[in-house]
Amino acid sequence: MLRRRATIVLLTALALTACSAPGSDKKAAGDDSGPIKIALVDAQSGQLSSLGAWELKGAKLAVDEWNAQGGINGRQIQLDVFDDQGDPTVGTNLARKIDSEGYIGMIGTAESAVTIAMAPTLKQAEIPNICSGQSPGLVAVGSEFLFLNGPTSTTYDETLAKYIVDGQGIKNIAMITNNGSYGKGEHDAFLKALKARNVTPLADQVVTTDQKDFSAALTGIRQKNPKVIFLGAEEVESGLIVKQARDLGITATFAGAAPQGTPVFLDTAGAKNAEGTIVSSPYLSNDISEASKKFAAAYLAKYNEAAELHGAKAYDGAQIMLTALKSSNVATGKELADAIRATKYQGLLGGFAYDKTGVGIFATSIGTIKDGKLVAASS
Amino acid sequence: MQVFLQTIVGGVSLGAVYALVALGFSLVYRTMGLVNFAHGNVVTVGAYLASTFYLSSKLPFALAMVIAIGVTGAIGLVIERVLRPLENRDFDLMLIGTIGFGIVLDALIIMIWGATGRAVPSPVPSAPIDVFGLRIRTYDLVVLAIAAVATVLLVLFLSRTKRGAAMQAVAMDHEAATAVGIHVGRSNAIAFMIGAGLAALAGGLVGPLLYVSPALGGALGIKGFAAAILGGFGSIPGAIVGGIAIGILDSFAAGHFQGYSELVTFLVFTVIIMIRPTGVFGERTVNRA
């Protein structure tokens with residue numbers, strides 16, 4: 001009996017220490033010693049893992065540059081990677097984990113749905129997060145700790161609609177989007193941009209994020225004979241749609257935002273099938289500026305592969321986070337969030353100046369795919 | 001009408017792949033009474049092996065497929081050998097063992113090939129055939145033909161060879177089979193090996209249609225499993241019918257219900273299973289679970 005009571009006492013003591021552990025950890029991180037802990041949360045496995053891999057490469061490049069120059073206030077920056085598998089549920093668990101383990105900032109994720117799921121926990125824990133999503137839903141969350149490292153779908157699609165409808169005078173447009181967080185955002189943003197121009201899409205097909213066969217949707221679109229088909233889906237799915245569309249004899253030009261400018265999209269669709277695709281992107285190529293050339297060279301040297309948009313975005317995001325950490329003398333919580341908001345940064349994507357919604361950049365350019373490469377559109 | 005027919009064409013080609021996945025599930029189930037939850041991951045391994053031999057080693061597609069099927073079959077043997085001590089002892093443990101193997105394979109795939117996937121160009125580059133405005137990909141015809149040949153070979157093996165007959169005997173009554181001198185363990189090993197080989201065939205064939213990534217087998221595995229159930233778990237013709245049916249059902253659901261297609265597909269599936277719990281060809285050759 002005595003022994004059992006002793007066990008209970010011991011267990012209670014254990015439980016108590018276990019409960020108090022996260023809080024005490026966090027205080028330790030606020031100390032002025034040891035490395036500055038930043039978490040990178042992205043899909044490192046699953047269908048969206050290519051996004052996660054690019055993000056990691058871009059962010060790591062920025063962190064390594066800072067560390068090579070002696071870090072911030074003499075402290076090295078420690079970038080730890082967490083795999084969210086592109087799954088919001090895994091994401092919310094990770095949000096609690098990075099809070100309890102005392103990370104003071106977070107880079108990622110590339111998936112709007114995951115970021116939106118993580119946002120409430122991060123807001124409560126006061127951990128600033130610079131994410132790579134572009135869904136307007138990110139802004140709708142209304143967290144002062146959530147920042148985007150690029151424009152939202154609204155900007156992407158407004159620029160795209162302006163080019164296609166106003167510039168080229170094309171009004172026969174069909175849409176095919178998926179019902180995920182990204183696709184839904186694209187659907188609403190592009191439809192809104194079309195409506196503002198009094199254009200009604202000939203077809204508005206929605207597919208699931210997991211779909212593999214698009215015969216029904218594409219045959220429906222083919223009968224409407226559009227000149228341009230708007231794509232609102234991630235890299236691989238967009239590539240499959242384009243490939244199957246060409247097999248079905250659809251010759252229309254495709255148009256889309258960030259995913260349609262990536263190598264994965266090109267490979268999946270096949271360069272010949274993707275030829276002529278119109279892309280709205282804040283980072284068309286590695287040759288647009290001196291900064292991008294330098295970034296691309298460093299990226300190539302480090303990873304032995306060509307840099308692209310997502311790596312560049314993550315690089316910008318990480319630079320902004322680190323710049324804010326430096327300007328605020330390694331502040332945490334709300335102070336760090338305010339420092340990020342105050343940061344004016346000339347990045348690879350352009351000039352960042354954050355507004356209240358956490359968006360820092362409001363412009364994209366139009367490019368087209370020519371001979372398997374994304375080049376600036378001549379208009 | 002054109003949309004209707006084109007939808008069927010689209011559904012049948014993926015359906016053939018689901019059918020091959022379902023065959024692997026069913027073959028192991030009818031022989032051992034075991035659902036191999038690692039099957040989807042084995043499909044991914046097969047897809048990666050085939051695409052590696054085809055793209056990196058520059059072998060002809062057919063040869064790359066044969067080697068991939070061989071290697072994957074060997075992996076099937078390993079899985080069976082590791083699980084063998086559990087047979088007839090604790091069936092639940094064996095089920096969990098296959099789930100564990102799936103996780104291990106998943107991790108191995110990411111370690112070897114990375115988390116990023118790869119696109120496989122079609123080995124049949126010719127343009128789709130146009131039949132009265134209906135477009136049929138030549139590669140789809142290849143997939144259908146290979147799936148049909150594989151099925152015929154499997155049925156012949158099971159019905160015409162001594163080894164196949166022995167497997168049928170084990171499927172019906174493994175104790176009686178042991179009594180007449182059939183090596184049950186070996187029979188199970190062959191089932192696992194052929195199942196893994198079929199998975200590699202499905203994975204390799206689907207590579208040029210889709211995108212080879214670590215997540216590939218997950219999606220195919222679920223649909224293949226559903227196909228096997230729909231056709232009657234353990235039944236060889238059932239797997240074929242179930243696979244094509246799921247493919248077409250999926251295609252039509254996508255056309256009519258767009259974003260809710262997945263939901264509709266599985267609702268219809270559930271209703272069919274409620275009406276006919278044993279599936280279309282519910283023969284129930286096995287009841288060892």
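From the backbone N, Cα and C atoms, a Cβ is placed for every residue, glycine too.
Residues or ranges marked as transmembrane segment by TrEMBL: B:6-27 (among others). A Cβ distance under 8 Å defines the sequence-distant neighbours of the transmembrane segment (B:6-27), meaning residues of its chain 6+ beyond its ends; these are 35-36, 39-40, 42-43, 134-137, 140, 143-144, 147, 150-151, 154, 191, 194-196, 198-199, 201-202, 205-206, 209, 220-221, 223-225, 227-228, 231, 233-236, 238-240, 242-252, 255.
Residues annotated as transmembrane segment in TrEMBL: B:34-55 (among others).
Marked as transmembrane segment by TrEMBL: B:61-79 (among others).
Positions annotated as transmembrane segment by TrEMBL: B:91-116 (among others). Residues of the same chain lying 6 or more positions beyond the ends of the transmembrane segment (B:91-116) and with a Cβ under 8 Å from any Cβ of it are 33-42, 44-45, 48, 52, 75, 79, 82-83, 213-214, 288-289.
Within the chain carrying the transmembrane segment (B:136-158), a Cβ under 8 angstroms from the stretch's Cβ atoms is held by residues 9, 12-13, 16-17, 19-20, 23, 27, 122-124, 126-129, 164-165, 167-168, 194, 198, 201, 205, 208-209, 236, 240, all 6 or more beyond its ends. What TrEMBL records for B:136-158 (among others) is transmembrane segment.
TrEMBL lists B:190-212 (among others) with the feature transmembrane segment.
Look at TrEMBL and you will find B:224-248 (among others) tagged as transmembrane segment. Using a Cβ-Cβ cut-off under 8 Å and counting only residues 6 or more beyond its ends in the same chain, the transmembrane segment (B:224-248) has close neighbours at 7-8, 11-27, 29-30, 35, 39-40, 43, 151, 154-155, 158, 171, 202, 265-266, 269, 272-273, 278-286.
What TrEMBL records for B:260-279 (among others) is transmembrane segment. Nonlocal intrachain contacts for the transmembrane segment (B:260-279), taken as residues 6+ away from its ends with a CB within less than 8 angstroms of a stretch CB, comprise 226, 229-233, 235, 238, 242, 246, 249-250, 253-254.
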Inset, instruction - Please indicate, using numbers and ranges, the residues of the same chain that are 6 or more beyond the transmembrane segment (B:34-55) and have a C-beta under 8 Å from a C-beta there. - result: 21, 24-25, 28, 61, 63-65, 67-69, 71-72, 75-76, 79, 91, 94-95, 98-99, 101-102, 105-106, 108-109, 112-113, 118, 120, 123, 192, 195-196, 199-204, 206-207, 212, 214, 216-218, 220-222, 224-225, 289
Inset, instruction - Give residue numbers and ranges for long-range contacts of the transmembrane segment (B:61-79): same chain, 6 or more residues beyond its ends, CB-CB under 8 A. - result: 36, 38, 42, 45-46, 49-54, 98, 101, 105, 123, 189, 192-197, 199-201, 203-205
